[in-house]
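What follows is a short report on a single structure.
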Amino acid sequence: MTDNILFAFALTLFAGLSTGVGSLIGLLSKEFNPKVLTISLGFSAGVMIYVAMIEIMVKARESLVVGIGAEMGKVVTVLSFFAGIFLIALIDKLIPSYENPHELNVAQKLEECSENQKKKLMRMGLFSAVAIGIHNFPEGLATFMSGLSNPTLGVSIAVAIAIHNIPEGLAVSAPIFYATQSRKKAFILSFLSGLAEPVGALIGYFLLRSFFSPSLFGVVFGAVAGIMVYISLDELLPAAEEYGEHHFAIGGVIAGMVVMAISLLLFT
């Protein structure tokens, strides 16, 4: 059991720290390529949608059928899915749009900024870090519990969320870097925002460990699927189309689905 806990936590840490990877990519890149970002965001959406609908929803239903029976299991699976959508939509609603990391135009040329603009960018970057931390908290718990219940599923979710977190790291680091001209500050704040995932995993584990059961895991899986679909449709795909052509975004989605389908066939 201890090995399972450590493995699940390692997956969560991996997913969370990918925010720092996104920050590094943005800070070290000499030239912004919108096509690459468009394809990457589409790829992330494809991975998340495919994993959510093909893998996670199936696991949610299987767990709930074991826990509460076939008929109620089906109903609770669907309810859990939409509960996850409602939860992440509520979080988005509570965060004003200018503070939402997915609303930032990181492609904008900001080299020449006034002092007021720099202050605004710094505030935007800090709010983005907090917003991403709030988003990452339930994602961390979801990754951890998935890894604890089913290591293969946990890996799939961790990879999907890690890919999703990379552009978020860029969203935090870009405005902070342009405001301070400090790569170090931009990276540290982006890195810290990603640590919300392992923190969410630890807090969730200590609060819920006495309630672990197939039913609980099923509800969590259903909610995770809803969260991942919402993020893909509400955040990743619109952002992908904002930075590039529609066909590049859709190509990224299909590529993400193909890659995840092949990986699931090979490793499950």
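Including glycine, each Cβ sits where the backbone N, Cα and C put it.
Residues annotated as transmembrane segment in Swiss-Prot: 5-25, 36-56, 75-95, 124-144, 157-177, 187-207, 211-231, 248-268. If you look up Swiss-Prot, you'll see Asn136, Glu139, Asn165, Glu168, Glu197 marked as Fe(2+) binding site. Annotated Zn(2+) binding site per Swiss-Prot: Glu139, His164, Glu168, in sequence order.
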Quiz item: Counting every protein chain present, what is the number of Cβ atoms, excluding its own, within 10 Å of the Cβ of His164 (Zn(2+) binding site)?
Solution: 27
Quiz item: Considering pairs 6 or more residues apart, do the transmembrane segment (187-207) and the transmembrane segment (75-95) have at least three CB pairs under 8 Å?
Solution: no
Quiz item: At the Cα level, what's the spacing in Å between Glu197 (Fe(2+) binding site) and His164 (Zn(2+) binding site), rounded?
Solution: 13
Quiz prompt | Entry from the binding-site residues list Glu168, Glu197 having the most other CB atoms no farther than 10 A | solution = Glu197
Quiz item: Relative to the Cβ position of Asn165 (Fe(2+) binding site), how many further Cβ atoms are located within 10 Å?
Solution: 28
Self-check item: In the chain carrying Asn136 (Fe(2+) binding site), residues 6 or more apart in sequence that have Cβ under 8 angstroms from it
Solution: Gly16, Thr19, Asn165, Ser193, Gly194, Ala196, Glu197, Gly200
Quiz item: If you count Cβ atoms within 10 Å of the Cβ of Glu139 (Fe(2+) binding site), leaving out that atom itself, what do you get?
Solution: 28
Quiz item: Three states by DSSP: which one describes Glu197 (Fe(2+) binding site)?
Solution: helix
Quiz item: What other residues of this chain sit with their CB within 8 A of the center of the CB atoms of Glu139, His164, Glu168, the recorded Zn(2+) site?
Solution: Ala15, Thr19, Ile132, His135, Asn136, Ile161, Ala162, Asn165, Ile231
Practice problem: Using C-alpha atoms only, work out the spacing between Glu139 (Fe(2+) binding site) and His164 (Zn(2+) binding site) and round it to an integer in Å. | Solution: 11
Quiz item: Are the transmembrane segment (248-268) and the transmembrane segment (36-56) close, by which I mean at least 3 Cβ pairs under 8 Å that are 6+ residues apart in sequence?
Solution: yes
Self-check item: Leading stretch by Cβ pairs under 8 Å, where the reference is the transmembrane segment (5-25) and the options are 36-56, 75-95, 157-177
Solution: 157-177
Quiz item: Does DSSP put His164 (Zn(2+) binding site) in a helix, in a strand, or in coil?
Solution: helix
Exercise. Determine which residues of the same chain, besides Asn136, Glu139, Asn165, Glu168, Glu197, have their CB within 8 A of the center of the CB atoms at the recorded Fe(2+) site, and list them by sequence.
Key: Ala15, Gly16, Ser18, Thr19, Ile132, His135, Gly140, Ile161, His164, Ser193, Gly194, Ala196
